[in-house]
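Student: My questions all concern the structure below.
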Amino acid sequence: EARRQRRLLLVVVCVALLLDNMLYMVIVPIIPDYIAAMRGGGGTAGPSAPAGGNGSGGGNRSLLPARYPPASGGNEDVQIGVLFASKAMLQLLVNPLSGTLIDRVGYEAPLLAGLAVMFLSTATFAFAENYATLFAARSLQGLGSAFADTAGIALIADRYAEEPARSRALGTALACISFGSLAAPPFGGVLYEFAGKRVPFLVLACVCLLDGLMLLVLAPPGGTGARANMPVGTPIHRLMIDPYIAVVAGALATCNIPLAFLEPTIANWMKDSMGASEWEVGLTWLPAFFPHVLGVYVTVRLAAAYPHLQWFYGALGMAIIGASSCLVPACRNFGQVIIPLCGICFGIALVDTALLPTLAFLVDVRHVSVYGSVYAIADISYSVAYALGPIVAGQIVHTMGFAQLNLGMGLANVLYAPVLLFLKNVCQMKPSHSERNILLEEGPKGLYDTIKMEERKG
């Protein structure tokens, strides 16, 4: 029953992550109408809107290009950039609080609260008629993601405490994020074309509601009283100053910068430099889904066979990302662009799949085995990249150039890869003596402490 329950909980978390990413991406075919309305026009205006990604334990990240409609003034571009960055910005602000709350109340209640807020956000999207409502819906989604994504990834790490099951479960969650990015734009586009703009959001809202009900049936928040017997998690500020966790967080942020900064800039560069058509721009990122899933699969298999080389898989991924980023400006046609973008997504899959389980292991051996705060730090790392991307990337291209942007991002990843050597001996770490002394000196206070003390005696 326990094994079946944790598999079903994995399904609930994967659906939540998929929904979050689909909700982010599904508005792509709808934004042009809002742009036309803001200009005072009617009908569809210009090409598709931006489709930037966001951060979730692992975060959720998009795999399609941002495409800004041409505007007569810079103010509309700023509005669009802020709209698509608002989700990551709010996640960045809320994650320290959500991580602390998750450590105190458990994983199920914050996950359910996050799903409820995402449901409200989806319903708001369905009935939005102006920029202010869109901004409110996007910000609400960031609030829901800060709880649902962090609590969901932390719940997986808690229920899958042993390797390689933990890496396999987290890899499945990352694959669902990738699939949500791929499926959302055609899903939204088809339903928008034949059923109206509200239908895609109402469908996602119904799935979100069913996912929340499934969570209530499987693990009612506070229903078993198990949280009372769990230890108090390490405060997030102490985790942030742990050098090993800081290295992992830096790697997660650095490896996602190329994706976050290319999404709002590559479409215009392709049109200007190679005269790419609309369908070519729209399909640029679609093939990247497959190397992303391949990277997850390869890393899970390698981690099962050689778990002591997790740091190497992450460093290799960053090197691949760096080399691929530097190759983007050298591309001269649509087919050539696809190759480095696939390399970037493959490298990101290596880094994420290797380092997300490493965060849980570091908490196990150096702190207390409660995972809300540590995965809030991971979500913060993603959010830093995706909050800056829609706003900063365009300015860098305007002042320095597209080639310089890519070379800088590639160099940052290549230079950061050797830093992961710091994690080389992580797999040899043992549980901290401080936890052992506390358990033996104070005596067991609950089921968790009793089991831990008996294990130490054994």
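Heads up, the Cβ atoms here are built off N, Cα and C, so glycines get one too.
Note that the coordinates shown come from a computational prediction; the quantities given were computed from them, not determined experimentally.
For reference, TrEMBL lists these features for the protein:
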DOMAIN    9-428  domain 'Major facilitator superfamily (MFS) profile'
TRANSMEM  7-31  transmembrane segment
TRANSMEM  109-128  transmembrane segment
TRANSMEM  140-157  transmembrane segment
TRANSMEM  169-187  transmembrane segment
TRANSMEM  199-218  transmembrane segment
TRANSMEM  239-262  transmembrane segment
TRANSMEM  282-304  transmembrane segment
TRANSMEM  311-331  transmembrane segment
TRANSMEM  337-362  transmembrane segment
TRANSMEM  374-397  transmembrane segment
TRANSMEM  403-423  transmembrane segment
Student: Between the transmembrane segment (337-362) and the transmembrane segment (282-304), are there three or more C-beta pairs closer than 8 Å, counting only pairs 6 or more apart along the chain?
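Tutor: The answer is yes, given that the two segments have at least 3 Cβ pairs within the 8 Å cut-off.
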Student: Taking 169-187, 199-218, 282-304 as candidates, which has the most Cβ pairs under 8 Å with the transmembrane segment (109-128)?
Tutor: 199-218
Student: Most CB pairs under 8 Å with the transmembrane segment (239-262): which of 140-157, 282-304, 311-331?
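Tutor: Against the transmembrane segment (239-262), the leading stretch is 311-331.
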Student: Would you mind giving the whole-number mean pLDDT across the domain 'Major facilitator superfamily (MFS) profile' (9-428)?
Tutor: 82
Student: Report the listed stretch (140-157, 199-218, 403-423) having the maximum count of Cβ pairs within less than 8 Å of the transmembrane segment (311-331).
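Tutor: Between the stretches 140-157, 199-218, 403-423, 403-423 has the largest tally.
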